[in-house]
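The structure appears right after this line, and notes come after that.
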Amino acid sequence: MSNVTTPWWKQWDPSEVTLADKTPDDVWKTCVLQGVYFGGNEYNGNLGARISSVFVILFVSTFFTMFPLISTKVKRLRIPLYVYLFAKYFGSGVIVATAFIHLMDPAYGAIGGTTCVGQTGNWGLYSWCPAIMLTSLTFTFLTDLFSSVWVERKYGLSHDHTHDEIKDTVVRNTAAVSSENDNENGTANGSHDTKNGVEYYEDSDATSMDVVQSFQAQFYAFLILEFGVIFHSVMIGLNLGSVGDEFSSLYPVLVFHQSFEGLGIGARLSAIEFPRSKRWWPWALCVAYGLTTPICVAIGLGVRTRYVSGSYTALVISGVLDAISAGILLYTGLVELLARDFIFNPQRTKDLRELSFNVICTLFGAGIMALIGKWA
């Protein structure tokens, strides 16, 4: 004898209920119209394309995340400074747009006050969606504050870095010719080279105590950013593996989505000067980001005939994760990236051409990511 209990909301037949009926109530009608009640699995085949998405997203996400690292840390490579600046500030715009368009809006769409979840049970007693975002943002702020205080008290070093200091880090990290070739050409490590009117910056092994000490604060701030993005990537992967007719349009859009997010993460990661004993950490963090979505796509494929993305439980999980990630990325994008790079950067007015370039790159990244939000 089966012990399965029939859900209470199945006592009414949607085909026999009109919007004017007083019974069942409006919340039940909302849940039916939104597909939460009586919704089903949307999987419609395309297994080959779905399997390919695992490997395509794995390669693209990992490559774009590692590209800034490869460009600045692998010896014998030279890149113009403006290529690095483009990746860095384009990524800043991507992070900010992701917080608003790809996290905040879906969170409200899953557990907001006008949704099925937001009107039922304890979810209907309070505006939990913005409360979760506020809690996440506050936790991120406190983590940033305490880590900064700890670093300053222990090392006497401020978390803030001027634009020139960041540029110096790029100069130190940007790999060029080996020291042997430098000696042969009569140049010193870390020298500034100009060819054909394009500026290049060469590698040097930075061993100053300031760089080693600043690693702590920079790394903690970066971890917060990556965790926020990874939380977001979990539900993206699950949905891509099991979504229905939307798969054909969602697949290419998510490839671009993961690429741009990866570029933003990699650009920020490449500006951190890791101690020699931890030189493998940035590569591991790039791989962690690159693996998250493909693994979740594979999990989605494993449950493709049973997973219902519009179910009550799935909406609660995705809504909470999106709200948490939105709070993290809102603080990181607006404070750690935009405010510190532009508003509180005392060097910003020294080169107005570079400042204009950085602003344009930021707006371009935000605009592209906002456009992608139309489909994903």
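Every residue gets a Cβ built from N, Cα and C, even glycine.
Keep in mind the model is a prediction, meaning the values are calculated, not measured.
When pLDDT values are averaged over the topological domain 'Extracellular' (1-50), the model yields 83. Taken from Swiss-Prot, the feature topological domain 'Extracellular' applies to 1-50 (among others).
Look at Swiss-Prot and you will find 51-71 (among others) tagged as transmembrane segment, backed by sequence analysis.
The topological domain 'Cytoplasmic' feature in Swiss-Prot is assigned to 72-80 (among others); the stated evidence is sequence analysis.
Under the heading transmembrane segment, Swiss-Prot lists 81-101 (among others), citing sequence analysis as support. Residues 67-68, 71-72, 167, 170, 174, 199-201, 225, 229, 232, 260-261, 263-268, 270-271, 325-326, 329-330, 332-334, 337-338, 341, 354, 357-359, 361-370, 373 of the same chain lie 6 or more positions beyond the ends of the transmembrane segment (81-101) yet place their CB under 8 Å from a CB of it.
For the topological domain 'Extracellular' (102-122), the residues of the chain that approach it from at least six positions outside its boundaries are 27, 30-31, 34, 36-37, 128-129, 132-133, 232, 257, 312, 315-316, 318-320, 322-323, 325-326, 329-330, 369, 372-373, 376, judged by C-beta separation under 8 angstroms. The feature topological domain 'Extracellular' is assigned by Swiss-Prot to 102-122 (among others).
Panel annotation: around the transmembrane segment (123-143), residues 27, 104, 107-108, 111-113, 117, 220, 224, 316, 319-320, 323-328, 330-332, 335 of the same chain, lying at least six beyond its termini, place a Cβ under 8 Å from a Cβ of the stretch. Annotation source Swiss-Prot lists transmembrane segment at 123-143 (among others).
The annotation topological domain 'Cytoplasmic' is assigned in Swiss-Prot to 144-216 (among others) on the grounds of sequence analysis.
The region 'Disordered' annotation in Swiss-Prot covers 177-196.
The compositional bias 'Polar residues' annotation in Swiss-Prot covers 177-191.
Swiss-Prot lists 217-237 (among others) with the feature transmembrane segment.
The feature topological domain 'Extracellular' is assigned by Swiss-Prot to 238-242 (among others), with sequence analysis given as support. Counting residues of the topological domain 'Extracellular' (238-242) by DSSP class, helix then strand then coil, yields 5 helix, 0 strand, 0 coil.
According to Swiss-Prot, the feature transmembrane segment maps to 243-263 (among others), an assignment based on sequence analysis.
What Swiss-Prot lists as topological domain 'Cytoplasmic' is 264-278 (among others), and the listing cites sequence analysis.
Annotation comment: Swiss-Prot describes 279-299 (among others) as transmembrane segment, evidence class sequence analysis.
Annotation source Swiss-Prot lists topological domain 'Extracellular' at 300-310 (among others). Panel annotation: around the topological domain 'Extracellular' (300-310), residues 34-36, 39-43, 47, 50-51, 54, 237-243, 318 of the same chain, lying at least six beyond its termini, place a Cβ under 8 Å from a Cβ of the stretch.
Summarising the annotation, Swiss-Prot assigns transmembrane segment to 311-331 (among others).
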With pairs 6 or more apart in sequence, are the transmembrane segment (355-375) and the transmembrane segment (243-263) linked by at least 3 Cβ pairs under 8 Å?
yes
Remote residues contacting the topological domain 'Extracellular' (238-242) - C-beta distance under 8 A, at least 6 residues beyond either end:
41-43, 50, 53, 250-251, 254, 293, 296-304, 307, 309
By DSSP, how many residues in the topological domain 'Extracellular' (1-50) are helix, how many strand, and how many coil?
19 helix, 0 strand, 31 coil
